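Annotated in TrEMBL:
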type	residues	note
COMPBIAS	296-330	compositional bias 'Basic and acidic residues'
DOMAIN	440-598	domain 'Katanin p80 subunit C-terminal'
REGION	277-399	region 'Disordered'
REPEAT	3-44	repeat 'WD'
REPEAT	45-86	repeat 'WD'
REPEAT	87-128	repeat 'WD'
REPEAT	129-170	repeat 'WD'
């Protein structure tokens, strides 16, 4: 089959999971989608301003992500011919994109030496992985665990824990850059393609299980089918495929086939199934769940495409109104007629050889301009943990953080407000008795609200007659965090109100807010701390690093005293931020961002 349509060279290519669509990106920034069954162009997606460097299909649904030389990442709805959202964050070309197996995250690798993890539901960066010293050209998710592997031109392969957002291990001993990586379907090891070899790695601890010499040159892609690893390389106009028999490749164990770092004794790998990382939750393909997912995406706070990028596609949305359309969208009925038909084995097994120092389990295959389509890789589903059966109900624990918005009160039960039934046979209460019992205790709440209103009136009176510093002083003197939160919510809206004097008063209160159990308090504290770090941290560090002045300068001395006080308070807060940066969700993302801003303090 030959597919035409692009007028400039094609730089990236991807086939969807069902092998029904193929998408290709060109140097001009245009993306074309072909229907493989009809052999015709299905869609043309316009919006990028430079080369399309990377593409990846969503594991389910008709969505494709594209990364470009213009540093942008776009998520496209192929079925509706539109750009759903644009993600900005990289400063150089995006070389690789990968969706997570559950379809909730998108990992991107770029020439700016970083790997970014995007939350598709929230539409923002969950975490930025730094550590590579060269352009990152490949990234791959573990098929089961929350683990990410990345390869760079700095000749290293790094493994990242997606729960703790930290480096698990790093392979740094290779002589040539890694060109492609692929996890084994059961997750036991990582296959890495180099210029002249295939290397098999483990990551806890880092070790090389095996080295297979393969002269495939610029290997571009790896795939596994029927216990055979198929590698494809290219040189000018020639494409070559190579097959490695995985039954003859060491995937685990203590016998290394390669260089060990500093000749240290090899630590035995942990037994399978003992990983501390969570397992991806495989999403259901029913109508209800995709519908809620897509609607949530459409309502999230992501960057929508600008009118310049897609002027004629403003009405395109990823929202599907009719639930009955999901069967047609997510479960296509069309089948591709294959020639030749599928075989149980893509390639015959190579003959057994005598064991030698370098593995010769490689069979170079035909060299041709057009290769026979290979059967789809059939990945085993991850083993799901059985539900815990118990004859006694588990105790219900209260959340450690009280959310800002809830549909029901925490720790309150209606039965607590109703009188106890004296007669067990009497199941219903008289309305008058129930209402009289519910009205009890309202006086206490009225006293609390009246006191808070009085405190706010006091702060407001000081605000109108004096400066912001005195009003904050009065709010702190009241010793009520709720008043401080109300005042900071106002001050945060106008950054020009912040002064160095105000920081010395507010920072101790922010330390209390960050440790509060109320979500709204923590959010306000994070917002205020971010403003202080962005506006005053460079000033504080510069003044503290400056040489002492000559003579008497009272203003300078006062400023230096304030900076020392702020620096001491920020050091205390940095310990709290560092401890909470491992949290998940919106809190964890905010604390990780603050931790990066406060890195200069360390």
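Cβ coordinates are placed from backbone N, Cα and C, and glycine is handled just like the others.
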Task: Segment-level pLDDT (mean, integer) for the repeat 'WD' (129-170) - done: 90
TODO: Run through the repeat 'WD' (87-128) and tell me, per DSSP, how many residues are helix, strand and coil.
DONE: 0 helix, 23 strand, 19 coil
Task: Residue distribution over DSSP helix, strand and coil in the repeat 'WD' (3-44) - done: 0 helix, 22 strand, 20 coil
TODO: For the repeat 'WD' (129-170), jot down how many residues DSSP puts in helix, in strand and in coil.
DONE: 0 helix, 24 strand, 18 coil
Open item on the list: I'd like the per-state residue tally for the repeat 'WD' (45-86) from DSSP, helix first, then strand, then coil.
Closed with: 0 helix, 23 strand, 19 coil
